[in-house]
Amino acid sequence: MSKQTFMQGTLILVVSGLINKVLGFIYRISLTRLIGDEGIGLFQMAFPILTLVITLATLGLNVAISKHVSEAEALHDESRIRSILLVSMGIVLITSFVLVTFMVVSAPLIARYALTDQRAIYALMGIAPTIPIVAAAHIFRGYFQGRQNMFPSSAASVIEQVVRIFTVLFFASLLMPYGVEFAAAGGMIGMVVGEFAGLCLMLYHFKKDPSRPLFRHPPAFVRNLPLAQTVRGLFRISMPVTASRLVGHVTYAFEPILVAQSLALAGIATGVATSLYGQLAGMVIPLVYFPSFLTHALSVSLVPAISEAAAVNNDRAVYWRLKQSFRLSLIVGAPAAAVMTVMAEPLCVLIYGNAEAGRLMQLMAPFTLLWYLQGPFAAVLQGLDRAKDAMRNSIIGSVVKSGLIFILGSQPALGIDGVVIAMNTGIVIVTLLHMVSITRLVSFTFDIREIAKVLLAMLITGWICYFSMAVWFEGNSIWWTVPLTLLISGGVYCGCVLFLRLLVQDDVIHIPVVGKYLALLLPKRY
């Protein structure tokens with residue numbers, strides 16, 4: 001499959017993202033049942049360290065490569081693409097060697113002193129072989145995304161997840177007789193095999209790619225392009241991306257400590273505080289952020305699309321992609337925010353068997369509409385070579401959120417509600433800062449009429465949800481009333497989207513089977 005249009009690429013990423021979400025959910029449940037609470041605890045102790053090490057090994061190069069490859073392709077500069085790939089390979093070779101050595105040497109110390117459980121050493125050691133595989137895969141993901149061919153990386157991620165399910169469960173069950181610490185390590189080994197399968201598929205697609213750069217002659221940067229220029233160009237994007245991710249990882253790591261300390265100051269017992277944080281972090285947040293795979297797909301497609309248009313000074317294309325991504329993000333986020341606000345308690349009871357989490361979800365769900373906009377906005381800034389702005393905005397939001405978690409969470413009158421308010425404030429700040437940064441770069445105005453239409457559809461959907469649960473299905477089992485309400489509300493929202501003409505033909509024409517028929521109901525341009 002060759003280069004796709006923006007919407008074709010986005011649809012491919014949406015489908016693969018949904019498949020990966022479902023498969024990931026299955027594998028997590030299966031692994032937990034297999035190795036138990038203690039085993040999954042050891043596995044989860046090592047997992048945040050894995051994500052941190054991968055962030056350091058890849059240095060955000062997939063985003064930088066995607067941007068620079070799309071620019072070079074727009075200018076028909078194949079020698080530059082060759083240089084980008086070779087320099088990137090050299091960078092990840094160095095970072096992988098350093099981090100593999102670090103993990104092998106420091107795993108015993110991390111297990112004993114940081115994680116306070118010596119048994120975690122085996123899971124930590126299992127991280128080491130993952131590093132070079134994931135780092136190499138990031139290069140090819142960035143290359144294909146820069147070529148605006150989303151199929152290889154999407155197919156690889158699905159294959160990786162499928163192989164991971166079988167290998168993680170196989171190695172975990174194989175090593176379970178030797179103890180839960182070895183079973184947790186077996187889970188890590190299974191992840192290595194899954195990552196390797198995904199990398200092999202991408203290498204296959206790279207070999208079959210008719211437009212791939214050839215390396216028979218001396219690299220272009222040896223002849224006429226300074227090495228420092230290529231490195232600086234990549235790092236100008238990758239370093240802010242890496243910094244943003246590191247801030248996210250650090251905040252994620254320290255958030256439980258902040259919450260625990262603030263709730264303790266509020267006079268909440270340790271066991272109760274742990275339970276409340278478990279409801280928020282383990283139940284509410286995964287559920288309200290679940291639809292984000294849709295806007296993540298938009299974000300991945302946006303970086304090369306914006307970069308390509310900016311490289312040839314096509315301001316009209318930049319404006320249209322920005323407008324389209326904003327509109328689609330609103331359309332995706334609005335029903336999710338409405339449904340999860342109105343049906344918070346029934347959803348939490350149905351999925352988790354916990355009604356208390358519903359109240360926290362009701363506080364957080366309305367603000368997720370803004371959160372769904374963050375990824376596409378950050379992608380636009382990265383595509384316009386302003387990754388530093390996205391990084392700065394994220395850091396400001398994280399600092400404010402962390403400070404407010406401690407201040408508000410320690411108030412006896414607020415408690416865990418104060419933590420949710422702090423998180424919502426962080427979402428609002430980052431989204432607004434991204435919007436301000438974009439409007440300073442692009443002559444773009446947010447269409448109030450467009451926003452009003454989406455909000456109207458959102459309110460109608462929310463009212464239908466409430467009316468269905470409170471009037472039509474009151475007193476009936478949630479096992480069938482919740483799915484039926486979701487189905488009715490989804491149908492009403494789709495009808496509102498069509499009636500209010502929130503979509504255009506280009507948004508749906510590439511949907512398999514039904515796209516060409518839906519396009520007949522829609523205007524050509526918004």
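Positions of Cβ are set from backbone N, Cα and C atoms, glycine also.
What TrEMBL says about a protein is an automatic prediction, not a curated fact.
Lifted from TrEMBL, the feature list:
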- 40-63: transmembrane segment (TRANSMEM)
- 84-114: transmembrane segment (TRANSMEM)
- 120-140: transmembrane segment (TRANSMEM)
- 161-180: transmembrane segment (TRANSMEM)
- 186-206: transmembrane segment (TRANSMEM)
- 257-277: transmembrane segment (TRANSMEM)
- 283-307: transmembrane segment (TRANSMEM)
- 328-352: transmembrane segment (TRANSMEM)
- 364-383: transmembrane segment (TRANSMEM)
- 420-442: transmembrane segment (TRANSMEM)
- 454-472: transmembrane segment (TRANSMEM)
- 478-500: transmembrane segment (TRANSMEM)
- Same-chain residues at least 6 beyond the ends of the transmembrane segment (420-442) with CB under 8 Å of its CB atoms are 280, 315, 318-319, 322, 360, 363-364, 367-368, 370-371, 373-374, 377-378, 380-381, 384, 386, 389-390, 392-394, 396-398, 400-405, 407-409, 414
- Query: Do the transmembrane segment (186-206) and the transmembrane segment (454-472) share at least 3 Cβ pairs under 8 Å, sequence separation 6 or more?
  - Reply: no
- Query: So what's near the transmembrane segment (120-140) in sequence-distant terms, Cβ-Cβ under 8 Å and 6+ beyond its ends?
  - Reply: 42-43, 45-46, 49-50, 53-54, 57-58, 61-62, 65, 85, 88-89, 92-93, 95-96, 99-100, 103-104, 107-108, 110-112, 152-153, 156, 181-182, 184-185, 187-189, 191-192, 195-196, 198-199, 202-203, 206
- Item | Stretch-level contact, the transmembrane segment (478-500) and the transmembrane segment (283-307), CB cutoff 8 A, at least 3 pairs | no
- May I ask for the residues of the chain that lie six or more residues beyond the transmembrane segment (161-180) and have a Cβ under 8 Å from a Cβ within it? 19-20, 23-24, 26-27, 30-31, 34-36, 38-39, 42, 119, 186-187, 189-191, 193-195, 197-198
- Item | Same-chain residue ranges lying at least 6 outside the transmembrane segment (283-307) that approach it to Cβ under 8 Å | 6, 9-14, 17-18, 20-21, 63, 66-71, 74, 145-148, 150, 317-318, 321-322, 325, 328-329, 332-333, 336, 340, 347-348, 351-352, 354, 357, 360-361, 364-365, 368, 371-373, 375-376, 378-380, 382-384
